[in-house]
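Input: a single structure, listed below in structure tokens.
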Amino acid sequence: MKRGGIVNAQLAGALARLGHTDTLVVCDAGLPIPHGPEVVDLAFRLGIPGFGPVLEGILEELVVEEAVAAREVEGANPDCHALLASRLPELKLVPHWELKLRAADARLVVRTGEATPYSNVILRCGVPF
């Protein structure tokens, strides 16, 4: 058994398969999930698991060179915006409709049980060197 980190086998494997410039979406329970990407659905009940803990776990595993969230998060969900801004200095904000369009090009979608508005982010993988 792993000592720590992500112990969900499907999620750990999906993250390990990501390469430089691949994108993944970490989303709330309400974001429409496109049909193309691999999906790891972690949602159990509304609010469980939350967006923050899932994002934090993923950020411990990945190098991120760009992050994109919906501009609407600033006003509708200031706690989520604060988390994103503090953990992702490369964060760019775009209209929510654009975020949904970009999500269709992701290689992986990780759905959480989060039930607050605009708790979504697209991460583009970087390299550790």
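Any Cβ shown, glycine's included, is placed from N, Cα and C.
Owing to the predicted nature of the structure, the values given are computational and were not obtained by experimental measurement.
Among the features that Swiss-Prot reports, active site, proton donor is placed at His20. Per Swiss-Prot, substrate binding site is recorded for Asp28, His96, Tyr118, Ser119, Asn120.
In the three-state DSSP reading, His96 (substrate binding site) counts as helix. A coil conformation is recorded for Asp28 (substrate binding site) in the three-state DSSP classification, outside any helix or strand. Rounded to a whole number, the distance between the Cα atoms of the residue listed as 'active site, proton donor' and Tyr118 (substrate binding site) is 26 Å.
Taking the Cα atom of each, Ser119 (substrate binding site) and His20 (active site, proton donor) are about 24 angstrom apart.
Within the same chain, residues at least 6 positions away in sequence whose Cβ sits under 8 Å from that of Asp28 (substrate binding site) are Phe51, Arg111, Thr112, Glu114, Ala115, Thr116, Pro117, Tyr118, Ser119, Asn120. Sparsest Cβ environment among the recorded positions His20, His96 (other Cβ atoms counted within 10 Å): His20. Residues Asp28, His96, Tyr118, Ser119, Asn120, recorded as binding substrate, reach a greatest CA to CA spacing of 13 Å. The Cβ neighbour count for Tyr118 (substrate binding site), using a 10 Å radius over every protein chain in view, is 25.
For the pair His96 (substrate binding site) and His20 (active site, proton donor), the Cα-Cα distance reads 25 Å. Within 10 Å of the Cβ of Asn120 (substrate binding site) there are 27 other Cβ atoms, across all protein chains.
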